[in-house]
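Taken straight from TrEMBL:
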TRANSMEM  27-44  transmembrane segment
TRANSMEM  87-105  transmembrane segment
TRANSMEM  139-158  transmembrane segment
TRANSMEM  173-191  transmembrane segment
TRANSMEM  198-222  transmembrane segment
TRANSMEM  242-264  transmembrane segment
REGION    283-331  region 'Disordered'
COMPBIAS  288-297  compositional bias 'Acidic residues'
TRANSMEM  383-402  transmembrane segment
């Protein structure tokens, strides 16, 4: 679940959008329960298909596998489709295909939306702090197009890596890229001396190591099972499995982050309020890190009040003669304005930032304080804690039994 929470930003978005911390915990526990289902949906049908179709799914000769499914490394990718086509009647086949496409589209839209949010809010807004809403919308949509193009161009690499077997490919990619993020999350939450420099440079160094191993794994492919060819890959690839490499990479990341954090200046206590496990119950909010954040944490209520006062003064300064001079806009101006409004409506933007009234700003402030609160109902807190322990026990039993 830790890997899921730090590697899928769409899960993080949904947790941050929860109504309360109890809702976020309940959603995470439900996601943990659902993550147990793939064990039965993937592995058990795969084992059943190998028994039912030993000459097709369980082919051991590269020539036979290449003739059956076009992949000399094995035909395990066709295990599930083969069972669907041969066991289900015609009506259920179409229903299964529709469900599969719907799930695929839902996952892809969520992933692309989260990726575009990262590019727009975490990268582009840092480079252009005063970017307009229309500009952010354009950047987000262009980011989606670029990501889709990269994913299409990545397909030939997917066919070559790990013999074209998707399950091993997915696990190997996670082993090369996810452990640094997991250790960064763990150290940032449970070790108060973690610094920004330690986290950043430790993450960069470990990702470089992971990417180098990934490139070597893409370059030197393993000999096909049953071919009898010698394994001439470098020992770092042939002798170290990608799952073992994940453990080594996690240790390397931890050492780098700890050493760099000890050599750099730690963050003061006033900046650690509510951001670590040990300071999560602090009553005060953390101090802003930059001047921009400090400006963003100013009292919006007073700013709105001054804005409304200045607007009222400008309106009172208009004389009757000036009001008479104002003329209705021309037909060309009206057409252009309506065209811009239609384009903004079509793209889902509103143009300028919305200006809230005083009572709206007060409601926003109260809601923000409520969202930032870590208070929980004691009854539901106990229920969620017990549920988390039960899920951990069930997961441990399953792993120990089927290992």
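Yeah, the Cβs are placed from backbone N, Cα and C, and that goes for glycine too.
Under the criterion of 3 or more C-beta pairs below 8 Å, with sequence separation of 6 or more, the transmembrane segment (242-264) and the transmembrane segment (173-191) qualify as touching. At the 8 Å Cβ cutoff, the transmembrane segment (27-44) and the transmembrane segment (383-402) share at least 3 close pairs (sequence separation 6 or more) and count as touching. Tertiary proximity for the transmembrane segment (383-402) is limited to same-chain residues at least six positions away from its ends with a CB under 8 Å from its CB atoms, namely 22, 25-26, 29, 32-33, 36, 39, 43.
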